[in-house]
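The structure under discussion appears below in the form of structure tokens.
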């Protein structure tokens, strides 16, 4: 009886995934922005509670407005995935809100300057490097301008604390919440960096393993393999190529050497043509003989374009294969075919003449003795016809073989 598989238990996403989004759907900066938006909402809610406790009415209204704006930005980022297009406006809105909070929340006596520092960290965390200078300038100019306004126009500042307790609650609450934000942001970066380092280690190990297996493959080849750059300089070669150059050229092939040092003058023009053809993106091969001492060796050189991971041609791979045995076998087969063709010619043409003569004589005999029933002439005619058919078959097969060759 077949057993029924129990339904797989539903795994609820973690709080971090709910707030930031999945790693395979959002970039790291995007996820940090989402996390920052969620933490900012919590911080603003906590500030709202603090302002309610100390009866800072103007600051309370400002915080409510900032919370509404923060919710809108969080929805745009987390749900609608509009991240890059809202970063600059988001940071500017935060700086604007902090500037207003500076006037409504006791100026330099309040916690706003600490929030400017926290905002700078936020801006650096969620934006690209080209915006860093902008955020640094704003984080210096805006607080400096606010301090100058308070110094020369002190009447613009309101929301002073009624007693030291309110001041301590506001400042310490701001410090605690800023510390919490820095903790979460730093820990997120730490996890990201650690995970990235692990991925890099795994990638490096995979590359090393792949290179070892690839090197083992090329070293196991009996053919001579050489990788050349666009200027014909040697990038890589296998053991067979090293042994070939050492044995036949009395010089070891080495990296960064120009390969034309190992190309015979009689083959250079053809070699350059094949190299440039492969460099243009077309594979090409050529056969050529070389005489070493008293022995003639036939080579098959294959040239193929070498590409990087982006498909760009970075050089040429050259494989040289000793095809002497195969070439000699090919010559042997060609000679046998020539001999067979001669035999077929003899059978088809030199036998054809006598056969035709006999057939003609037979016709004369039949005409002369047509009133007689000559059984031997009939049998002779049948035999001659069969022989004629065989000769025609030989001619046909010979013609087919020549067309195939």
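Residue numbering: from 1, along the chain as shown.
Quick reminder: no glycine exception, Cβ is built from N, Cα and C everywhere.
In TrEMBL this protein carries:
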{"type": "TRANSMEM", "residues": "32-54", "note": "transmembrane segment"}
{"type": "TRANSMEM", "residues": "60-76", "note": "transmembrane segment"}
{"type": "TRANSMEM", "residues": "83-104", "note": "transmembrane segment"}
{"type": "TRANSMEM", "residues": "133-153", "note": "transmembrane segment"}
{"type": "TRANSMEM", "residues": "168-189", "note": "transmembrane segment"}
{"type": "DOMAIN", "residues": "210-282", "note": "domain 'PAS'"}
Could you give me the DSSP helix, strand and coil counts for the domain 'PAS' (210-282)? 41 helix, 12 strand, 20 coil
If we skip the immediate neighbours and take only residues 6+ beyond the ends of the transmembrane segment (168-189), which ones have a Cβ under 8 Å from one of its Cβ atoms? 31-32, 35-36, 39-40, 42-43, 46-47, 50-51, 53-54, 56, 105-106, 110-111, 114-115, 117-118, 121-122, 125, 161
Contact set, same chain, for the transmembrane segment (133-153): CB under 8 Å, 6 or more residues outside the stretch: 91, 95, 98-99, 102-103, 107-108, 112-113, 116-117, 119-120, 123-124, 127
